[in-house]
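Trainee: Shown below is the structure under consideration.
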Amino acid sequence: MVSTATQIGHFSFDNCLMNAAGVYCMTKEELMEVEKSQAASFVTKTGTLEVRPGNPEPRYADTRLGSINSMGLPNNGFRYYLDFVSDLAKTGQHKPHFLSVVGLSPTETETILKVIMASDYEGLVELNLSCPNVPGKPQIAYDFETTDQLLENIFTYYTKPLGIKLPPYFDIVHFDQAAAIFNKYPLSFVNCVNSIGNGLVIEDEQVLIKPKNGFGGIGGDYIKPTALANVHAFYKRLKPSIHIIGTGGIKTGRDAFEHILCGASMVQIGTALHQEGPAIFERVTKELKTIMVEKGYQSLDDFRGNLRYKD
């Protein structure tokens, strides 16, 4: 029997597919739609210390090859999502979940994580170090010194399962430098990647979205090669205890297969989920299992990370 079951840290999942933070996760109702689908789990909208309305609309647009967005982290505040995942865990349901959070300063991040630490939530936390769409706020994980200092401080008080969502890196030296930092800490996972920041899509003679004069994060088909490269680069560099979640350009079973082949333990779907809805998880799961049957693979472990190079 072909299985797409997987594991992140000590958490087991009956499938390897889930939503990406930002899509189908703003409200409890949206999260429950993902919960009731064939997704293995869900990740919440990235929650900040206070409620945020986000950037002015229009701030999202579908394109021929994916999407562009400058949402600006709209969310209901991290406590809204923390309360929801905590309450859901008490119902006895079997799915572990991911709580996505970030502070707009190191102090805010510490405040958020200390509240989670003191709560009864025992699930996974995804710390978003890579949002490219908050005006005046750089992507934290591009500053290696700041990232190192932030993680060093976090792990002086935070002992629950924690992973980080990363921006895409483009230089081999940066893969080496980032991995050296991440390997110092007891991270449960890294998520590769968030959208490619500050792209520009034009229709006729006008930009598609309003914030930042049309500049926004690029998702979908555009970013799959970059996402695959980041997944594989970190798979080869990180210690085995740090699992990898692959995000970027997944809309078919073949796309998911390639992410896992590059080393991903789990796969998140963003743009295609926004376009197709939660039914996408059933379709992509079937397509992935069909590929596995054709290739004689019974489990993800049979091919994870086994990307072949040319001689």
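In case you wondered, yes, glycine gets a Cβ from its N, Cα and C as well.
Worth saying up front: this structure is predicted, and the values here are computed from it rather than measured.
For reference, Swiss-Prot lists these features for the protein:
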ACT_SITE  C131  active site, nucleophile
BINDING   K45, N69, S70, M71, G72, L73, N128, N194, S195  substrate binding site
BINDING   K45, T46, N128, K165, V193, G220, G248, G249, G270, T271  FMN binding site
Trainee: In the structure shown, which of the binding-site residues G72, G248, G270 has the fewest other Cβ atoms within 10 Å?
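Mentor: Fewest other Cβ atoms within 10 Å, among the binding-site residues G72, G248, G270, is found for G72.
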Trainee: Report the largest Cα to Cα distance, in Å and rounded to a whole number, among the residues K45, T46, N128, K165, V193, G220, G248, G249, G270, T271 that the record lists as binding FMN.
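Mentor: Across K45, T46, N128, K165, V193, G220, G248, G249, G270, T271, the two farthest Cα atoms sit 20 Å apart.
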Trainee: Show me the subset of K45, S70, G72, N128, C131, S195 whose Cα is within 10 Å of G248 (FMN binding site); these are the recorded positions I mean.
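Mentor: Cα filter at 10 Å returns S195.
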Trainee: So if I measure Cβ to Cβ from N128 (substrate binding site) and keep only same-chain residues at least 6 apart in sequence, which ones fall under 8 Å?
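Mentor: Those within reach of N128 (substrate binding site), by Cβ under 8 Å and sequence separation of 6 or more, are A21, T46, S100, V101, V102, I164, K165, N194.
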Trainee: If you measure from the C-alpha of G72 (substrate binding site), which of the recorded positions C131, V193, G270 fall inside 10 Å?
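Mentor: Checking each Cα against G72 (substrate binding site), the hits are C131.
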Trainee: At a 10 Å cut-off from the C-beta of C131 (active site, nucleophile), count the other C-beta atoms across all protein chains.
Mentor: 25
Trainee: Determine the most Cβ-crowded residue among the binding-site residues S70, S195, using a 10 Å radius around each Cβ and all protein chains in the structure.
Mentor: S195
Trainee: Does V193 (FMN binding site) have same-chain partners at least 6 apart in sequence with Cβ under 8 Å from its own Cβ, and which are they?
Mentor: S130, L166, P167, P168, I223, T226, A227, N230, T247, G248
Trainee: May I ask which residues of the same chain, at least 6 positions away in sequence, place their Cβ under 8 angstroms from the Cβ of K45 (substrate binding site)?
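Mentor: Residues satisfying the criterion: A21, G22, C25, M26, P74, N75, N76, Y81, S100.
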Trainee: Going by C-alpha distance, which of the recorded positions S70, C131, S195 is nearest to G270 (FMN binding site)?
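Mentor: With Cα distances computed to G270 (FMN binding site), the winner among S70, C131, S195 is S195.
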Trainee: If you measure S70 (substrate binding site) to the residue listed as 'active site, nucleophile' at Cα, how many Å is it?
Mentor: 10
Trainee: Tell me whether K45 (substrate binding site) sits in a helix, a strand or coil according to DSSP.
Mentor: coil
